[in-house]
């Protein structure tokens, strides 16, 4: 620890810290633009100037390391004059367009100019003007406002792992650009909007829509992947205006994937707002009571063993739990959350979780990806891995044909035999696994989505056992889930498989990706919020609330339960999920024993310990899985996905459709250059 004096007070701080960090620790307010705690230091805005005794000039505190005995002053006349001068230079070419700038009201330059500026203007020459750059359908640019802090460049390089933004020219001619002015090839590009301290980079879908003070803020959870990123839903009246990240150091830090951030406009289109019944081959709008009576009559006419329920990819735990209780009361145990027929082992909870945890990745020194596309399945997790790789703290190897993950990977091949050789210790990489202190394996849908998934998983468990990856001080076995509701469904006992043969009544709770050809003879009830495949195949449609219109628990891939709060009202005549299921039970004269959301959560916490620990990770058991299934000779490969359209909300998002089109155009442009 190093002792130093700041404004007359002595503090201690760890060696290697900067003067800026010491000042913040001492409770001092230091203005800054280029500095960001999660980015490399640039030191080019000069706004954080402080006075250090024995130094002839003010010093940029963000770039100066502390040393023993330093005496620092943060509020002297020299410091004040220096900051006023820096602010004056920053404003020389900055346009006075705050009234039409989307950053107005939440702009660092506005705030700091008011607090630290002179309040007068001595510059009477012409301001420079810069042509706006194209960065895709998500980011709107106004580069004349840019103050060259280079935050966006550093985020692209260090966090996103794409070297597609940089600065050209020098001095007053410097410009930040994407070089070829293409759509940015990143799943987390929207974070550049958040870290831009001025209005140079703004959200294109949100442009000219609202001001910060008009919005209501609601804490929620991103449901478009299984990471459980913490989000803030900003709404006005009953319309969602934008979605921003909330800080959670254990999960998403302060970053957010583009899909979770921008696909909210999908909540406006193709919504189900009234119940429907199929009559003479056509869906006809009916009352809720008629829909419930039709369901009651049909359920009473079907044997319990012929009834099945399938939960979709963005359904809350409470809704699944209510549906499970209803089916059990009817005498059926045929319910699943696995509409994709994934081969998932549920022997113990640790067998289907990301046990290392998202933040735990930063402790690993060797990572093996098997059939996993972390970049598109879990962009925030992938960013953490990439940062560790780029500083040389983590080595990543891969089995399976894969995509560019934005960091260096050593490919071992795509043959099943590689896993077999690792399991018996004859592979050339055996030594590296033995020497690694904290090795980890990430198993993706390229394994559990195979027909022989159980056999491959059994083989991977042998590798885990061989190199002692699951022990008291380290859990290195990880399943990379790609849907928000899977872990929660498995936690409450939903099955991993379902028998479609002989089903006479199928209850689809937001499920749109099942093989509908196997349900041709079944009566289908669809409870959901979008008119997608499930609704089009249904005999009865029950319009439900989306995740933004009801409160619900979601368990992320590492097994952490979190609550998504209700932000806006339901659309039309739609109802919340648990209310619909409760009313069906009422028509059937079945007592579920829970009348409201609070009672559902109390019962969940009593029956499953994990739900008594919201926002926490519980200790989980892991057991070696053995399968006698036969291995196929098919190569291992991560399943191809359309990242921007993976559920009913993102599929109905105009913004996501524009992203798909823009990335296809980018591929065509690249093909023209190389072919």
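Using N, Cα and C of the backbone, Cβ positions are placed for all residues, glycine too.
Record note: Swiss-Prot gives 146, 149, 152 as [4Fe-4S] cluster 2-binding, and the candidate from 101, 196 in that site is 196. Together with 34, 45, 48, the [2Fe-2S] cluster site in Swiss-Prot holds one more listed residue from 23, 62, which is 62. Residues of the same chain lying 6 or more positions beyond the ends of the domain '4Fe-4S His(Cys)3-ligated-type' (78-117) and with a Cβ under 8 Å from any Cβ of it are 31, 33, 45-47, 49-51, 58, 123, 127-128, 140, 142, 144-145, 147, 172, 196-199, 202-203, 206-208, 211-213. The least crowded of the binding-site residues 34, 98, 101, 146, 149, judged by other CB atoms within 10 A of its own CB, is 98. Residues 146, 149, 152, 196 make up the record's [4Fe-4S] cluster 2 site, and a Cβ search at 8 Å around their centroid adds 147, 148, 150, 151, 176, 192, 195, 197, 198, 200, 201 from the same chain.
Residue counts for the domain '2Fe-2S ferredoxin-type' (1-78) under DSSP, split into helix (H, G, I), strand (E, B) and coil, are 9 helix, 21 strand, 48 coil.
Taking Cβ-Cβ distances under 8 Å and a sequence gap of 6 or more within the same chain, the neighbours of residue 62 ([2Fe-2S] cluster binding site) are 18, 19, 20, 32, 34, 35, 41, 43, 48. If you draw a 10 Å sphere around the CB of residue 152 ([4Fe-4S] cluster 2 binding site), it holds 26 other CB atoms from the protein chains shown.
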